[in-house]
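To start, the structure under review is shown below, and the notes come after it.
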Amino acid sequence: MARHDLRGSIVPLVTPFKDGQFDEAAFRDLIEWQIESGSHGISVTGSTGEPSALTEEERKYVIETAVSAVRGRVPVVAGTGTNNFDETVRLTTFAEKVGVDAVLVMVPYYNRPSQEGLYQHFVGVAERTSLPIIIYNIPGRTAVNMEPETVARVVRARSNVIGVKEANKDFEQVTKLMHLCGRDFRVYSGIEVLCFPLLALGGAGYISATGNVLPEQSARLYNLVTAGKYDEARDLHYEMYEMNEALFWETNPGPVKYVLGLMGKIQPELRLPLVLPSEENQRKLRAVAERYGLIPSSAPVAGGENGAA
């Protein structure tokens with residue numbers, strides 16, 4: 001797949017831990033499963049990968065491991081954004097050096113920059129790499145919404161800014177973004193229940209946490225739309241709806257890691273301050289996983305019911 005052919009279900013992988021450390025073996029196994037299941041790409045060290053819980057060196061190692069494990073079979077998109085400009089540049093430069101296909105750079109969090117600050121931040125990062133850059137607009141985590149006009153300014157200034165992962169439920173904003181940036185600009189859904197509707201607007205795909213547990217279905221949804229099989233795609237969209245909702249009953253990636261633990265894919269560990277879902281939500285998630293056929297009834301969760309934090 002060509003570097004710029006970044007379309008479809010690009011799955012934002014969890015970062016598995018075992019006894020508090022990065023579980024490289026489980027991570028490599030997850031990548032193999034994703035590729036075998038038809039995922040069109042993988043993204044690492046994004047929100048679902050707990051980047052703020054990783055040191056800079058750990059983050060680099062996860063990125064390098066992903067490139068090594070994928071071996072060019074699908075695109076690798078590395079999350080390199082932070083709320084520190086110099087650190088973002090260092091991570092982006094490293095990602096380019098080890099051979100990722102693109103970087104996902106989130107809107108800086110906590111700082112609450114102005115639109116002009118966002119413009120200068122993204123232009124500055126883009127000037128320091130030849131990699132394709134996908135802006136990650138997730139106002140629910142950053143407290144700042146990057147306006148379509150600001151994105152369009154960045155795109156006009158730097159041609160290697162190729163798209164946006166839009167985790168904003170405002171479809172008026174998404175439509176305006178596509179209008180201002182043109183048909184070649186890639187917009188990816190970061191809202192699970194809006195993956196199918198965004199494709200109908202001309203979106204390039206989605207970077208959806210649900211792909212961690214339903215990789216085949218997530219890839220098939222995109223394939224059905226591109227094949228013009230909209231009725232089948234719509235049916236699949238609603239089949240996935242319950243899981244899309246359940247995985248966000250509590251803060252991502254807690255529910256995702258819990259379900260992957262039920263499936264025996266990882267140890268269900270997070271790093272503080274994130275923790276696994278409440279016991280009540282664990283019971284509900286188990287029931288959802290059973291209904292989707294991901295686990296047999298009463299399957300034990302890897303590492304125990306509560307896992308480790």
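Just so it is clear, glycine is given a Cβ too, placed from its N, Cα and C backbone atoms.
TrEMBL does not curate its annotations; it predicts them automatically.
According to TrEMBL, the active site, proton donor/acceptor annotation covers TYR136. Sequence-distant contacts of TYR136 (active site, proton donor/acceptor), defined as residues of its own chain at least six apart whose C-beta falls under 8 angstroms from its C-beta, comprise GLY46, SER47, GLY79, GLY81, LEU104, VAL105, MET106, VAL107, VAL164, LYS165, ALA167, GLY190. In three-state terms derived from DSSP, TYR136 (active site, proton donor/acceptor) belongs to an extended strand segment.
Residues annotated as active site, schiff-base intermediate with substrate in TrEMBL: LYS165. In the three-state DSSP assignment, the secondary structure recorded for LYS165 (active site, schiff-base intermediate with substrate) is strand.
DSSP classifies THR48 (pyruvate binding site) as helix under the three-state reduction. What TrEMBL lists as pyruvate binding site is THR48, ILE207.
The annotation site 'Part of a proton relay during catalysis' is assigned in TrEMBL to SER47 (among others). The number of other Cβ atoms within 10 Å of the Cβ belonging to SER47 (site 'Part of a proton relay during catalysis'), over all protein chains shown, comes to 25.
The site 'Part of a proton relay during catalysis' feature in TrEMBL is assigned to TYR110 (among others). Note: TYR110 (site 'Part of a proton relay during catalysis') has non-local neighbours ASN83, THR142, ALA143, i.e. same-chain residues 6+ apart with C-beta under 8 A of its own C-beta. In this structure, TYR110 (site 'Part of a proton relay during catalysis') belongs to neither helix nor strand by DSSP; it is coil.
The local packing around THR48 (pyruvate binding site), expressed as other Cβ atoms within 10 Å of its Cβ over all shown chains, amounts to 24.
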